Amino acid sequence: MTRTRRYALGAVFVLVGAAAALLLQSVLGTVFFAVTVAYLLWPIRRGLVARGLSHRAASGVATLGAFLMAVLVFVPLAVVVYLRFESFVALIGLLPAELHLDVFGFQYAVTLEALTSVVVDVVERSARRAAAAAPVLVLKATLFVFLVYSLLSYGEDAQQAVTALVPPGYHDAAAALNRRTRETLFAIYVLQAATALGTFVLAVPVFFALGYDSVVTLATVSAVLQFVPVVGPSVLLAGLAAYHVAVGELLRAVLVFFVGGLVIALLPDVLIRPRLARETADIPGSLYFVGFFGGVLTLGPIGVVAGPLVVGLFVESAALLSSELHPADRGSAAGGVSEPDGNDGDDATEDDHDTVDGEDTGDGDDREDGEDTGDGDDREDGENTDDHDTVDSDRF
């Protein structure tokens, strides 16, 4: 295949891919998440194949494992809701029949019946929206599973197709970007789990200090909500603060909303994510912070992964450009190997001429008792050398 034909087919591939992305933009987020998950599952699938499983069986096992892990994330939340539902109903029963609010000299009276009707109306509208969106969500979930399985099953073909578009001289750069993508994605998902665990650890003492009885339950809910982009534990803290306002505990509401929001909702994202990003993905904490929050604010939930990934690829491309512009630094960083001195051969030649008592002091050619020293001018005991007028050209 000629180079022109290869680039022409590559251009066709890019144009068709752009058209597909434009026409299928409603599921573009699902496709993106499927590709990222397949990247993470690829080493697992490869290990299963090495243990004797077929490509399809290994891909199926890896996909099933990822699906179960995603379901297990929200199992604690479902268990907490099931076990604490009666306690939640009892708390609702403690609300006063009428709530009086005094704001800037104006008094407002809110009855429990009116508040209940508002809540019921919101729940009904949310339920209708969820019911209308349920078929779409099921289709997207099915598409997600099939995409992950297909990418794992035909990963080699996809890799060869993409690699064929890269000129041979840029394969090292493509390999570096591929490695950076895999490391960054691994760090993103690991960071999400680590942040949830850190949220649980921080939430336990905060809820205990605020006087709550169900400390572990509230900390578990906060940790699970950390997996929900944008919202996170803030929705729980806002609900608790609203409840305390309703029962007249304004100071406790302020403490829950501000202290809890600072320690439980904000602190894990500020401390845990940047530090672990520097350790796991070799990304500066400030850049990861910008990528994470910038991606969330720009793209929504998909920005949780897309933002840090773009930052990671930017860092890797900057490193590639730096190593290309400063190859000497790259060589010294690779092992400190220096070029041989061009005068070494001359030094060796000069050493061969220095003899003491018939012994040659040169490197590797020590001889005595009239042996040839490697130079036509050094003789002893009347023996003649064969290389009287010959100089070894390899010395130069």
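Positions of Cβ are set from backbone N, Cα and C atoms, glycine also.
Curation does not apply to TrEMBL; its annotations are automatic.
If you check TrEMBL, you get these features:
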| type | residues | note |
| --- | --- | --- |
| COMPBIAS | 341-384 | compositional bias 'Acidic residues' |
| COMPBIAS | 385-396 | compositional bias 'Basic and acidic residues' |
| REGION | 329-396 | region 'Disordered' |
| TRANSMEM | 12-42 | transmembrane segment |
| TRANSMEM | 62-83 | transmembrane segment |
| TRANSMEM | 88-110 | transmembrane segment |
| TRANSMEM | 130-152 | transmembrane segment |
| TRANSMEM | 186-210 | transmembrane segment |
| TRANSMEM | 216-243 | transmembrane segment |
| TRANSMEM | 250-267 | transmembrane segment |
| TRANSMEM | 287-315 | transmembrane segment |
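The largest share of C-beta pairs under 8 angstroms with the transmembrane segment (250-267) comes from 216-243, of the ranges 62-83, 130-152, 186-210, 216-243. Taking Cβ pairs closer than 8 Å, the transmembrane segment (186-210) reaches residues 36, 40, 216, 218-220, 222-224, 226-227, 233, 252, 255-256, 259-260, 263-264, 267-269, 271-273, 276-277, 280-281, 283, 304-305, 308-309 in its own chain, all 6 or more past its ends.
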